[in-house]
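Features reported for this protein in TrEMBL:
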type	residues	note
TRANSMEM	26-46	transmembrane segment
TRANSMEM	58-79	transmembrane segment
TRANSMEM	85-108	transmembrane segment
TRANSMEM	120-140	transmembrane segment
TRANSMEM	152-174	transmembrane segment
TRANSMEM	186-207	transmembrane segment
TRANSMEM	251-271	transmembrane segment
Amino acid sequence: MMGLLMFSLGCSVEFRKLWAHIRRPWGIAVGLLCQFGLMPLTAYLLAISFSLKPAQAIAVLVMGCCPGGTISNIFTFWVEGDMDLSITMTTCSTVAALGMMPLCLYLYTLSWNLEQNLTIPYQNIGITLVCLTIPVAFGIYVNYRWPKQSKIILQIGAIVGGVLLLVVAVAGVVLAKGSWNSDITLLTISFIFPLIGHVTGFLLALLTHQSWQRCRTISLETGAQNIQMCVTMLQLSFTAKQLVQMLSFPLAYGLFQLLDGFLIVAAYKMYKRRLKNEHRKKDTGCAEGCHKKKSTSLKETGAFLEVNEVAVTPGPSVPMDCHTAFESTSHISSSTYWS
């Protein structure tokens, strides 16, 4: 289902714009800085600030070091963000995770003296790349060859994406129902962590003078993490007994990042509707003002013409033949000459 969804989202990507992002990767660079700079640092500070247990602190840090998830592409489409940048960022962050995940985990766990070695899920990263790049490539090709049909596929994909997200949300609630009462501190972190990612990603994009469309895209890409990769890495690195304290966090994080994404989309739709209403009121006021001005001008023009007609024809016209007119003219001329 995710492969089909990425194929439909790929139908909104133009190769020319995609190549422009690759040639001048300023937006990609800002996104990677948010993904592997801000998110691991935020995870480390949250783990230290809340004095988490070692197992819980590692779960939070692994989540912060994961690349962006494909869920951000769906939300980016709904808020009319830069889809070319969103898909490029997701792909680049997944590729960069091959080296950046072990590097970030090594740097931030130096002071923790871990007894357990962390296993990077390289196979999972490879599967994610294949499921991301191949469907998107087919979508770009369909958009290039059949642009009208690609719009229909894109609309269907948006509906399928919404249904898929609802299914994931319900499944997350069912799977994590036993962990809601486990640790209120961990639930608090799973709630504020994606929000911090969205806000800091937006602010950094704004400080680097990115467009509003790119700011929305980078914000969603920063706060949305690859939950499946985090769960896979924890399962490969720890025992079943240790996982009891860990797996509740990525499940709760995934649920809250869905909730945050829906709230962002709802806020954007309300903001857009408000702007449309304001523009509609301005257009209506301008049309009424122009109509009143036109009516006033027509009245003034009519009054001016009436005044001119009165000035030109003050009384009834008297018919005059050519002989009388000639005599009158001769009389006026001779009078002027003698005087």
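Numbering starts at 1 and runs along the chain as it is shown here.
Placement of Cβ uses the backbone N, Cα and C atoms for every residue, glycine included.
TrEMBL entries are annotated by machine, without manual review.
A Cβ distance under 8 Å defines the sequence-distant neighbours of the transmembrane segment (58-79), meaning residues of its chain 6+ beyond its ends; these are 2, 5-6, 9, 12, 31, 35-36, 39-44, 46-47, 52, 86-87, 89-90, 93-94, 96-97, 100-101, 104-105, 108-109, 112, 114, 118, 125, 132, 154, 158, 161-162, 165, 189, 193, 216-217, 220-230, 233-234, 245-247, 249-250, 253, 257-258, 261, 264-265, 268.
When each of 26-46, 85-108, 186-207 is checked for Cβ pairs under 8 Å to the transmembrane segment (120-140), 85-108 comes out on top. Through the fold, the transmembrane segment (26-46) approaches residues 60-61, 63-65, 67-68, 82, 85, 88-89, 92-93, 96, 100, 104, 108, 189, 192-193, 196-197, 200-201, 204-205, 208, 210, 214, 217-218, 221-222, 225 of its own chain, all at least 6 residues removed from its boundaries and within a Cβ separation under 8 Å.
Residues 27, 30-31, 33-34, 38-39, 42-43, 46, 50, 52, 56, 60, 63-64, 180, 214-216, 218-225, 248-249, 252-253, 255-257, 260, 264 of the same chain lie 6 or more positions beyond the ends of the transmembrane segment (186-207) yet place their CB under 8 Å from a CB of it.
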